[in-house]
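Peer 1: Here's a structure for you.
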């Protein structure tokens, strides 16, 4: 695809051009791609549903288009600047005013609004006379993390006197959200706010709640439909929504749906289904399947699992790499079994491969064809040099993975080095780290930092003045006293004291950096989520390190995915009831079917914890 000339900061890799339209007439569908995020998953979703599309390549395509989808992630400023510098701003405005169907996804919805707190000097398209604002990290229901990341429900913003007049586009299902800014309906009441709320009643189609904040999760007016969530990442429920929009005629999608409040339409600011996640912050508890991928001794890509990061099977004669399956096949299996997300961690660096020949690119591309929940890829996301000497920035590496089907990238060792540099620079970011450059281009919700801490026990008997030891003194905030431990192994920890030291290179190299310093540092640099591992718990089946998780949760305002140590469904129940973690991840027990995802969700449901359950068949 020929990309428009633009001064965007993003290097934009090519995305395959589809073969063309099927012979029987269907409205010509075009996608407007401004270069940010995972458009491949949307393309795969459309093809999965039996439709073809073309990319907007020049101004004439807006005239040819009978339907238009504008997807995207990243920042409001980046999207608007890209539209303006490429000349698409006026072209998009003309298309929308023409009355032809428009479907905006995530940023494709937010650009329709007049402004955003994310960039107060940047104006939106102004189609919707309402501002976009940032979620609060604390509201009437207490502390909450930002971004709003995970599976949340929606409810229709109005009630019709004659319900049969309109088919529901959005069902009573959970959809995948990942954003820090939203069209928030303020809890305050003043003349200006009330006026804008009244105007929004003509646009809002569904509402959702995060904490005590209610926001508009989709809009529908005349030819415009847009949603804050990602249908292409929302499993069968999202595909159902896309299908309904695609199958509808242009006339059906373009006709006015205006029904006034005084003429059969009643505004519904509260969720009518009080049983639907009325408590908590609105999100489900996410269950994530993790696939550690590397080459075995024969050079084949396999999914493996380590024991304290050692992936070789000590029971085999040759101590071969444990082979637990093929990555693409396992990913599809987990999608069908109900995993809320799937993470690929590349634990082989492939140093001899050029960027465009990285084996993991094909794994992501093929997985994205059959998996319609979020995909994360980790390993090798850093500045690199190809064998021919070509320099590849971390931003370029990430961009290629996003364009191949990844929704989030995970950074490990490079994040530790970046925080060390940050602390040397008096906690002032230099704007050059992979976390900073990628989050600036794609949004912080696209950047996960994988942390590998290990316990360092303090010998209090040999060192009675240990609190004055300079090596320990700067890590006192990170101390855990075993007598106060709440982890499953608390009985073994009595009388012990430890802190959590961060490691790099798969746990092999320890750094003089504790887990609090690292967690705070990566949040400051722009990470949107932390994948919290434990070197001590890895492969142990002793349960999650709850003390470690609570320590990190108390010190950051971004979501945390808890990993390492799960051996039973009870372990998942403990991590969600004894910590405030947003998600829990497991690998080996899922691969070997010792514990199944459905069993985990059933255990949580039986204890009144919300989980995603889809009532639709997988397409």
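Using the three backbone atoms N, Cα and C, a Cβ is placed for every residue, glycine included.
Just lifted these from TrEMBL, have a look:
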- 31-247: domain 'Glutamine amidotransferase' (DOMAIN)
- 106: active site, for GATase activity (ACT_SITE)
- 106: L-glutamine binding site (BINDING)
- 230: active site, for GATase activity (ACT_SITE)
- 232: active site, for GATase activity (ACT_SITE)
- 292: active site (ACT_SITE)
- 380, 533: substrate binding site (BINDING)
- 452: active site (ACT_SITE)
Peer 1: Rounded to the nearest Å, what's the C-alpha distance separating residue 232 (active site, for GATase activity) and residue 106 (active site, for GATase activity)? Just drop the number here, would you?
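Peer 2: Pair distance, Cα basis, whole Å: 11 Å.
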Peer 1: Which of these active-site residues is closest to residue 380 (substrate binding site) if you go by CA atoms: 106, 230, 292, 452?
Peer 2: 292
Peer 1: State the Cα to Cα distance, in Å, between residue 452 (active site) and residue 533 (substrate binding site), rounded to an integer.
Peer 2: 5
Peer 1: Determine, using Cα-Cα distances only, which of these recorded positions is closest to residue 230 (active site, for GATase activity): 106, 292, 533.
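Peer 2: Out of the listed candidates, the nearest Cα belongs to 106.
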Peer 1: What's the CA-CA gap between residue 292 (active site) and residue 106 (active site, for GATase activity) in angstrom, rounded?
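Peer 2: The Cα atom of residue 292 (active site) is 30 Å away from the Cα atom of residue 106 (active site, for GATase activity).
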Peer 1: Could you tally the C-beta atoms, other than its own, that fall within 10 angstroms of the C-beta of residue 380 (substrate binding site)?
Peer 2: 23
Peer 1: Let me check the 10 A CB neighbour count of residue 230 (active site, for GATase activity). How many other CB atoms are there?
Peer 2: 26
Peer 1: List the Cα distance (Å, whole number) between residue 106 (active site, for GATase activity) and residue 533 (substrate binding site).
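Peer 2: Rounded to the nearest whole number, the Cα-Cα distance is 30 Å.
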Peer 1: Compile a sequence-ordered list of residues in the same chain as residue 533 (substrate binding site), six or more apart from it, whose Cβ lies below 8 A from its Cβ; state 'none' when nothing qualifies.
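Peer 2: Residue 533 (substrate binding site) has long-range Cβ partners 450, 451, 452, 453, 563, 564.
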Peer 1: In this structure, which of the active-site residues 232, 292, 452 has the fewest other Cβ atoms within 10 Å of its Cβ?
Peer 2: 292
